[in-house]
Amino acid sequence: MANTSNNAAGVDNTFRRKFDREEFLERARERERQEEEGPHKSKSKGPPVQRKPLKHRDYEVDLESRLGKTQVVTPIAPLSQQAGYFCSVCECVVKDSANYLDHINGKKHQRALGMSMRVERASLQQVQERFEKLKKRKTDGTFTEQDLDERILKQQQEEEERKRQRRERKKEKKKEKVVEEETEMDPDVAAMMGFGGFGSTKK
């Protein structure tokens, strides 16, 4: 009854929102068209970038130059002067050395350097050249298999010698203990207590 009287008085109590189905269907169709066109647009921007394969670093990674040093850090300081490790290629700061190594070995950093994460396959000639380099680097002072066998034999002999010395020291300690016990105990008291056979030799 109350609703009819309110309606009669001209009060609109239909508080639910009314949706225009056609408008929202049109919006959905537009969104679908944009999603379909999106990947094609990005592909048509240009040919795919050919990145170089991974290469060895030709520099030493500096992780210890600021170790143990105190530094005043302000929020307005440039990134390169903030606490942590600064990557000048990606212009970001990494808080510790482990994460910094992960970053410089990671995909984002390598892409910024123009490299893919693929390693170049070495040819037979490159492998042979590498072996030649390593052979030249070898000096006369490096040891051979025979030297290695001699070192192992020498270590074994030293170990046996140490064991023998240890056994001898133990025997000496036991002898000293027996002598001390014999000197400390009165022979009459030892005989009374039944310890008379301590110093006797084996039959």
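In case you wondered, yes, glycine gets a Cβ from its N, Cα and C as well.
Look at TrEMBL and you will find 22-40 (among others) tagged as compositional bias 'Basic and acidic residues'.
Under the heading compositional bias 'Basic and acidic residues', TrEMBL lists 149-163 (among others).
Not one residue of the same chain 6+ positions outside the compositional bias 'Basic residues' (164-174) places its C-beta atom under 8 angstroms from a C-beta of that stretch. According to TrEMBL, the compositional bias 'Basic residues' annotation covers 164-174.
Positions annotated as compositional bias 'Gly residues' by TrEMBL: 194-203.
Over the domain 'U1-type' (82-116), the average per-residue pLDDT in this prediction is 88. The domain 'U1-type' annotation in TrEMBL covers 82-116.
Summarising the annotation, TrEMBL assigns region 'Disordered' to 22-56 (among others).
The region 'Disordered' feature in TrEMBL is assigned to 149-203 (among others).
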